[in-house]
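Copied over from Swiss-Prot, here are the features:
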type    : residues                                              : note
TRANSIT : 1-31                                                  : transit peptide
BINDING : 135, 139, 351                                         : divalent metal cation binding site
BINDING : 159, 160, 161, 162, 163, 192, 212, 216, 322, 323, 350 : substrate binding site
């Protein structure tokens, strides 16, 4: 049942055994949790057979944020053609699919409904098992598809995206333990709101970019990257929770003060926006590093030993893992503890169908009998969803005092 638990160094193919190495299985993944329509096919060796992604970013950027009913309409308009294109690219017949995996939780309910209804229809028509997928679990496990020899269970994962910020220990699909989570905003959400308030979208090069990408690029233009410094959130709380509302509000105040000093017009951007973005990135990096550092130390406690017998491993995933400056700092932090660090390829950090298909593969690997479900109508959506276990209280009770590792820049 737990063939993958001690799998580091063995490779995916070895876990399956000779019989399955001769006959590949294909899992179709469907992702519609927010504003991306993703459909992909992954085989049981982790090879991506086809990957189709329809982004709604350009539409929602024009309106300053995601509009759930319009996101649902766009998913409905695109999902059938995305599926057809995926099957054509894979050069497979529908009956060659082994199973269909679909995001059921968490996410925007209106968006989730489109994917789940389409998946039910497809599974029923093809008489294939339907595998429900936890969206954040899929982010956490994605790097294993690309690094099967290096990432074994258990491992620590920092999940940072537009809707979430969590620290979890992964032991397998459906077997994640929460160590800490954001108490308010997620980092990607904060980047988007700060980017809009800074009015980076006025600049032609950032017109169609999300806030995080624009801020990362603008930070590279800084002449004085230490010009802005923001208070560290939750500095007195010895747990692994996050808070980005303070950084966001302090950013708004700093922008407003600079605009007043420069008399920036309503359609203008402060002159030292590069310095501001560099300071913002450093502050977010410090906060992520501090909470992750405590999580590493908690995992290494003699009476916990949450890494088990595997080499200590830290994975960062989610849309914010695309940010090279932030990931470099997380990588730097991990190295101080002799901890290996990984992230998915950039094309797989943000939402996509590949990670959903791969989670389906992981479910089948862990327990094929339990994962093979034909009770289609009982598989439904959940707008919010937690994990199997939580150590949040235990982390706080441990009250670990850390000697902080400083960011690279």
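Backbone N, Cα and C atoms are what each Cβ position is placed from, and that goes for glycine too.
The Cα atom of residue 212 (substrate binding site) lies nearest to that of 351, taking the binding-site residues 135, 139, 351 as the candidates.
Between the candidate binding-site residues, 135, 139, the densest Cβ environment within 10 Å is the one around 139. Neighbour counts of Cβ atoms within 10 Å were compared across the binding-site residues 163, 212; the minimum falls on 163. Taken residue by residue with DSSP, residue 350 (substrate binding site) is part of neither helix nor strand, so it is coil. Counting only same-chain residues at least 6 apart in sequence, those with a Cβ under 8 Å from the Cβ of residue 161 (substrate binding site) are 139, 186, 187, 188, 318, 319, 320, 350.
Secondary structure at residue 139 (divalent metal cation binding site), as computed by DSSP, is helix. When Cβ atoms from all protein chains are considered, those within 10 Å of residue 322 (substrate binding site) total 24, not counting its own. Site extent for substrate: among the recorded binding residues 159, 160, 161, 162, 163, 192, 212, 216, 322, 323, 350, the largest C-alpha separation is 18 Å.
Cα-Cα distance from residue 351 (divalent metal cation binding site) to residue 159 (substrate binding site): 12 Å (rounded to the nearest whole number).
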